[in-house]
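TrEMBL annotations:
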DOMAIN    A:78-268  domain 'ABC transmembrane type-1'
TRANSMEM  A:21-45  transmembrane segment
TRANSMEM  A:77-101  transmembrane segment
TRANSMEM  A:113-131  transmembrane segment
TRANSMEM  A:151-171  transmembrane segment
TRANSMEM  A:192-213  transmembrane segment
TRANSMEM  A:245-268  transmembrane segment
C-alpha cells in the first residue's frame, strides 16, 4: 500500500512558529507513548540500583534476564506457548478455510441462519463463557491441556468471515476451469482458492498469533501446572507483587516474554500494520 | 452435480466449525441461561431451581453494582480519549512529518505487547514513593500517593494504562480510512483557500465517521472483555474500587466457586454484548450502503 499523505491545504503560508510548535507536539506525543517501554528496557538492562536513578554511565548487564530465566521455568513456558499457538493456528486455518469455502461458493438450506450463528462468536468471545466452557473441559477430561486452551478458539468467526470475503473475490471462471479438469471440491479449494488468498492468510495468521501469544484469562482459568502454562500465565505467577521479585527482574521477564512478538514486529512492521488494517476493514 | 450432493458437500465443509461453535459458544450460552436459574451444587447436594433469585440478589449486591458502575466509568472514560488520540495519531503519521515511521512504531508498539507484560511494568510506575510517576510528580512538589491502593485513584490508574495500550490499535483503522480519502479533495480545498482546521472539520472528520462508529463499538466491547490488568495490578481492589464485570464473574466462579451466581452475572454481560452487537450490525449494514 502506498502511503499517500493527506494533502495539507495551505501549509506553506503557515510556516514558522506555529508549525514548529505543532511538529514538536507530534514528537512529544510519540515520545510520551514510547517512554514506558524505553524505561522498561532501561530497567531490564541495568543493575537494580539504577531502577530509579537515571545515569547514562550505568553499567549494562544481562544479569536480570539470567536471573528471571532461572527463577521460573521460562523455557518450558516458551515451549508451551509455541505449541499452543501452532495448534491453534493450524486448526484455525483448516477449519475456517473449509467453512469459509462453504459460505462463499455453496448454496444450501439454512445458509443465512448458520452464518448468523457463526457471527455471534464475534461478540461472545470464549472467555466470556468461561464458567460453562470450564465445565465442558472438566467433562471432556481436558482441564490443564493444550486442547482445553485451544479448542474454544479454533472455529474462529473472525477467520471464517475474513476468508469468506477473500474467497468471494476469486473469479468463478478459475473455479469452473479447475472443475472441467476434474478437480473435486477439496482440490479446487487447495489449488485455486487458498493460493489466491495468501495475503489474507498472512494477515489472519499475524492477528491470531499476537492474540494468542498475549491471551491470559482463559489459559489462567484452565491451566494449573508448569507443563501446560503459556508464557502469559507463567509471567503472572512469577511476577505477583507479593513474591518480592525485583522490578528490574520483572521488567526483564516482561520483555523476554514479549521479545518474539517485538522482534517479529520490528522485522515485519509493514506487514503487521497492514494485517491489522486488513483485519479491520471488513 | 446434483443439488443434493452440493448440500452434503457444503455441510461436510461446515461440520468441524459448526460442531466447535455449538460446543463452545451456543450450547454454553444456553446452558449459562439455564444455570442462572439454579443455585450452585455443593458436594452431594444437587443444584436446586431458584427461579430469578440470582437476578434479584444482584440488585442488592454491592459488588455487582460497583462492578457495573466501574465498567461504565471505565468505558466512558477510556473509549472517547483513546479514539480521539487514535485519530490524532493517524493524522500525524499520515502527514508529511519527518520520522513518521518511528512515530507510527511508537504509537503501535504497546498494542503488540501482552497486557500482562505491560501491566507488570506499569505496576512499577505506580509504586508509591519509589515509582516513576511519584518520582516525576515529586519534582513539582506533589506528595506521594498509593495510586493502585487508593480507592479514588485505582480505577483511573487502570484507565490510563488502557488508553496507552489501545489508542495505537485504533490508530491503524483510522490510518486505513485516511489513506482511502482522495487527495483531490485536499487539492480542491487548497484552491478554495480552506484552512486546515476547516478542512478537517468539514471533510476529513465526516469521512472518518464510519470508522469512528466501527472503532467505537469495538472499543466498548473491549472495555468489557479485557481485564488482564485488573488481575495483575489491583485484583479489583481496594474494596472493589476497580472491579470490572468480567473480573467479578471470574472471581465469583473461580475464587468463590459460586457457579450459579456467576452464570447469572454472565447473562448480564451477554445482554450488554448483545445490545452492542445489535448496534454494530445495524451500523455495519449502513456502512456497506455508504460505500
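Using the three backbone atoms N, Cα and C, a Cβ is placed for every residue, glycine included.
Values in this document were obtained by computation on a predicted structure and should not be read as measured data.
When Cβ-Cβ distances under 8 Å to the transmembrane segment (A:151-171) are tallied for each of A:21-45, A:77-101, A:113-131, the top count falls to A:77-101. For the transmembrane segment (A:21-45), the most Cβ-contacting stretch among A:113-131, A:192-213, A:245-268 is A:245-268 (pairs under 8 Å).
Using a Cβ-Cβ cut-off under 8 Å and counting only residues 6 or more beyond its ends in the same chain, the transmembrane segment (A:113-131) has close neighbours at 99, 103, 152-153, 155-158, 160-161, 217-218, 221.
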